[in-house]
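> Once you've had a glance at the structure underneath, I'll fire off some questions.
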């Protein structure tokens, strides 16, 4: 009997190269080994600057996209290793030097501390009393609150987690080496976007959320339930006991049969009501600890897991079913968009700068959204009454978001200069935006002027009227009202429409929109925020600073390759000081210079946001609840009357609230006083770089070198003044560092002193 021979199975696709790059410590030990001119060693002091500028600029090391991709991939593992080491350090501090157990027993009266300053020559002033007889530095990272929410009940668990972090760091370092030197992915692996989406959506986000939901259900919820009921932390069963002893869970949530298989039967038989005790839909905040209900969070993570696991199965990989990203993009055309998104698939799979630009813009925006949500819908127990932590987390997420958004514009401009291919982008959305960039930028400029003159004009008007003694003619809640009616409408909608828009939810997402005061231990955790004329005015300042930042950054991207002034700008590269000595008026036009200028406006923008937040919360939200139910706010509700003119901002915010940092000497907060002054100095120091010319310094250096030659101590490496770009980079770095540290010291001394 003969059989038809089966077709030969297609060979398994090999998507890695074996041993592509030898491991050479000898090579790595040579500074600048990645660049031919740098590897020759330093002749002038410019060498060290170029070394830093090019070390991670993989495009300058090689033009091979596959090698660049591998370097980025390997660097990601290195980055993760650094993150794990850093996190491990945080957990180790919690395990070894903190008052976590004491805080867990009394989170209302004891402040978190996880660092004790060792005495130098008997110096003991920096360790303050944080309650419970513990002397240390107060921390404001929110980690204690996160640890409690996760179900960590003692320092030994933190120590184990810290060790786990170091193990993960080691694995990541190994993976970074292994995937560059031993088994390096081919370019096609990096460009296989459907498989990547499946992996990231279903694997990382889907299974990650499912794992976290499982942790919350089996560990965090029962432990927090016991802690909330007053069970001492050392008497709460250990995490694994809740998993291995179903009787413990049955006692708390009797409607489910907590067996390994029987526990999930209701999920697959759609009998979901059985889970209603711990997968809830309460809405709002838990009145006992002022945080989002942990049972709502578990419900959320389970739902998110299901959504992402489904989403991870939408894309076409080995089985010929599902979506193709290229097809989706090429089909995406509107009536006014020409070829639509055609070509963007090629852009995003051949330019990692383009990919990174989008990711940075989105993650930066997400960080800013996180800042807004974390205070209004506090996720962790007792964090809402730790005002120092609330202001720190808000400020942190705003700054991070601002830097990421600017980074998005930076890499967008680098893409335009290094990777943009006109042949790929023919009449698609990107090409069409570039062709009407003049209309976009001129309109955006008009918006900035309109917002700037009007928003600033409100304040100038109010200062003038107040100076002339005419309060009735001021824009205010008691004079000429400018009420934010749309914001107030959204607030009332969120408060009143719950029954019709989300019929199963018990309460609005946050009391900030309206409703009752959530007070914990006599302190306001969250309450309705009343918006008025002062908010309307400062929101238009926010609008102005956001639009100006966008104007600068978008202009940098859209004009990175060419402009009327310099038609061949793309040939000059991403960063250049001016277009040569023959052409005047061509300085500060490079893509890099737009990022440089954009950073200053980002700083302006975020500063005003965090100032507004800090004062508004102290004035209208944060405070103590008296026995008769009245609320005593930290600054007594002075925002509405004082924030409507410039004088009020200077007098009642900057000056009045810097009392604590200025008077901090001789107290446990004295380090903030030193930082406040030191950071002012760093900020002022930046101006020396920003307002000086390169030639001035070169002349000075040559004079100093002459003196060294006279004394026969001339250096072998020739000193050079910083280039124009280097000077600007040093200047903006110190400007931002000085400004941010000044603000940090100002806020923390203030809130540390308030307790």
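Counting starts with 1 at the first residue shown.
Cβ coordinates are placed from backbone N, Cα and C, and glycine is handled just like the others.
According to Swiss-Prot, the feature [4Fe-4S] cluster binding site maps to 578, 587. Residues annotated as chlorophyll a' binding site in Swiss-Prot, with sequence analysis given as evidence: 680. The phylloquinone binding site feature in Swiss-Prot is assigned to 697; the stated evidence is sequence analysis. According to Swiss-Prot, the transmembrane segment annotation covers 72-95, 158-181, 197-221, 297-315, 352-375, 391-417, 439-461, 536-554, 594-615, 669-691, 729-749.
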> Under 8 Å for C-beta pairs, could you tell me which stretch among 72-95, 197-221, 352-375, 391-417, 536-554 has the largest tally with the transmembrane segment (729-749)?
391-417
> Per DSSP, residue 697 (phylloquinone binding site) is which: helix, strand or coil?
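SS state of residue 697 (phylloquinone binding site) = helix.
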> Could you pull out which residues elsewhere in the chain have a CB under 8 Å from any CB of the transmembrane segment (158-181), counting only those six or more residues past its ends?
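Same-chain contacts beyond the flanks: 19-23, 70-71, 73-78, 80-82, 84-85, 87-89, 91-92, 94-96, 98, 100, 147, 152.
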> Whole-number answer please: how many Å between the C-alpha atoms of the residue listed as 'phylloquinone binding site' and residue 578 ([4Fe-4S] cluster binding site)?
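Roughly 19 Å, rounded to the nearest whole number.
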> In whole Å, how far is residue 680 (chlorophyll a' binding site) from residue 578 ([4Fe-4S] cluster binding site) when you measure between their Cα atoms?
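A Cα-Cα distance of 31 Å.
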> Out of these binding-site residues, 578, 680, which one has the fewest other C-beta atoms within 10 Å of its own C-beta?
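Ranked by other Cβ atoms within 10 Å, the binding-site residues 578, 680 bottom out at 680.
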> Go through the chain and flag residues at least 6 beyond the ends of the transmembrane segment (297-315) whose CB is under 8 A from any CB in it; none is fine as an answer.
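Answer is 193-195, 197-203, 205-207, 209-210, 212-213, 216-217, 220-221, 278-281, 322-325, 379.
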> Check each residue in the chain of residue 587 ([4Fe-4S] cluster binding site) that is at least six apart in sequence and keep those whose C-beta is under 8 Å from its C-beta; list them in sequence order.
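Spatial neighbours, sequence-distant, of residue 587 ([4Fe-4S] cluster binding site): 577, 578, 593, 724.
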> Count the Cβ atoms, other than its own, that fall within 10 Å of the Cβ of residue 697 (phylloquinone binding site), considering every protein chain shown.
17
